[in-house]
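Before any comments, here is the structure.
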C-alpha cells in the first residue's frame, strides 16, 4: 500500500494512516488537506478492505464533493457507488429510504428558496397580503427561527395532526406573521415539501425517535470523514456524533482560521473543543504550505496572529523565492482600480495568462469600479459567483428609467413600467402595442395617450407618465446623479427593494449612484444624461465581447477553496472590509478570517489596495482597513501615501455626510418584533434596521414595514 502514501510528508502520512478512533486534523491553507482526505479514503478501502459503501465522506459543497469523487475514483474505481457527498445530500439519501416511517412518501419534493417564495406568493394572494405587510425575507427569517425549535417536525409529520391541532386556530388570524408561517407549514405538509434545512432536521428527528433506524445507519457507516469541520452547525455536529456513535471512527479536517460562515450557523467551537467533546481524540497539525511563496505566507501569518480564538499554528512555506506583497493607497477609488488594471496589464506583458489572475472583494457591489477600469483598459474579465455589475437586474431596471426619460424606447419602457408593478399586464400591454402600431409611435407615447382612459383605469399608468414628465422638468436644473436619485425615490423602486428585504440589491443601487456621481465630477460642465447612457452602453458592449483568457472577479466567499497565481484584494477600507455591520470582538475576528482567506488564495503574487475620499455607502470619509495595519509594515511593499491608523481616523472624522431622512429607531434602541421578541437596534441604514434579538441572532428588518415597535410599547399578540 506504499503507493497510496507516496509523495506525502510525515504529518500527512500520520493523518492518512490514523484510521481508528476520533481524529482532528488542523489543516492550514494550502497544506494538502484534499490530498489527505483522498488518500485516506483509498487507504481505508484498500489497506483495510472496507467497502466504499461503508465509508461516509462529507464535504460542504456539491462542487467539492464532485472533485473529491473524481480524485478518489482515479485511484479507486470501485468507489463509484460510495457516499461522497454533502450533509444535505447524505440526509436526502437516507430520507428517501426511511421517511415513510414519518408518514411522508419516499418521493417527497425538495424545494429551494425560489420555490419558497412562490409558495408565499400564493399565501399572500389568498390572504390579501402585500409586501407592505411583510417582506418575504422577514417571513423566511422567521421560518428559519421557527424551525430551530424542537417541535416543528412533529407538526409536519404527525398523520393525525395532534401536534398541529392547538395551533390551527392561529392560522386563521388575519394578516399575522404567525398565521402566514402556519399556513406555509400546512402547505408543506399537504404537498410533502421539504426545504434544505428540513433534510437535516427530519433526519435528526428520525434518529431521535426511531432507535432501530439510527442503529441501522450507525452500523452501516464504519468510517466517517468530514471536510471543513470548522464550518459545521449544531445540527450537523449532532448528526456526525450520532452516526459515529457505534464504531467511534470520526475523522475531521478543518482550519479554524478559515471559519467565515457563522452567519449561517457555523460554530468553530466544535472544531476547537473536539478533544474535550470526544475523549481520547488525537490531533494532527498540517503546517506545511505548498501554495504560497514565503513573503505572501509571512503576511498571512502576521494578519491572522491578531485573532485570539484560534488553534495556534504558523504555516511554513515549502516554495522559495517571491516578492513582498504590494499595498497601494490611492487618492480615489478610480485611481485604485486604474492601478489594479495597469498592474494586470504589466503581468500580461510578463507572459502571465489573464486566467492566472483574480481580483477579490468583500461584497458583490464592490465589483463596479474594478469592472469599469478593466473595460477602459480593454482587459477581458469574468465575474464568478455573480453577475457583471451592469448586467444585474436592479442596475438595468434603474438605467431603464433614465433611458425612458431620454429616448422613450420600448425595451426600456417595458423594464421600467414593471418595477415596481403598476397593474399593466399582458392584456393592457397588448392594448398599448395595438395603439402604437396604429399610430406609429412608441409604447410610452401610447401610454401617454391612453393613461387617462377607461382601459387603463386602476393602473399606475398615469402616475408613470407624470413621473417621467416631472423628472424631465427636474433634469433641466439638475445633473444626472440628482435625476437618478429623483427617479429611484419617486418611482418607489428603492422602497420596493427595501420592503423585499433585498440588502444586496440596495447596495448595488447605492454603488450605481456613486458611479453616476463620479461621472458628474469627472465630466464637469459637459455632463448630460444622454452622454452618461452612451458611455455605459460602450462599456457594456465591450463586456459582451468574446472573452477567452480573462481575469477572474469574485467575492472572497466565492474564492474560498480556490487558489490563483496572482491575487488582487481591493477596497480594503474600514466599513467595507471589515464590513460596517460588524459588532463586537467575535464578529471582527471572523471578518479578519475572511481577509485571511483572501490573502491565502495567492500563490506567487499578492496585491492589496484601498482608497481615500467620500463613500456613499458609508456616508463618510474612507480610511485604510485595520487589516492592512495588522500586517507588519516591513513585510509589505508600500506604495502611495499611506497615513498611519490614528492620523486617518482624525482626518476622516472631519468628512461630512449628506443629510438623510431620520430613521424611526436609532442605534441602541430597544424594539419588539411580533415573532422574534425583544431586541436591540445595531444599525439603521439603507432602508433597514439590523437588530440583535434575545436569542443572539441578528435580523435585517425593513424600516418601512412597521413590524417593529418600541420595546416599552404594549406587546401585541402575534
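Yeah, the Cβs are placed from backbone N, Cα and C, and that goes for glycine too.
Database features (TrEMBL):
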type	residues	note
BINDING	27, 28, 29, 30, 31, 32, 33, 34	ATP binding site
DOMAIN	6-293	domain 'UvrD-like helicase ATP-binding'
DOMAIN	294-561	domain 'UvrD-like helicase C-terminal'
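The structure, with features from TrEMBL marked on it.
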residue	record	Cβ within 10 Å
27	ATP binding site	28
28	ATP binding site	26
29	ATP binding site	23
30	ATP binding site	23
31	ATP binding site	27
32	ATP binding site	23
33	ATP binding site	21
34	ATP binding site	17
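Across the domain 'UvrD-like helicase C-terminal' (294-561), the prediction's mean pLDDT works out to 87.
Other residues of the same chain near the ATP site, with their Cβ within 8 Å of the Cβ centroid of 27, 28, 29, 30, 31, 32, 33, 34, are 255, 286, 289, 290, 291. Reduced to three states, the DSSP call for residue 33 (ATP binding site) is helix.
A strand conformation is recorded for residue 27 (ATP binding site) in the three-state DSSP classification.
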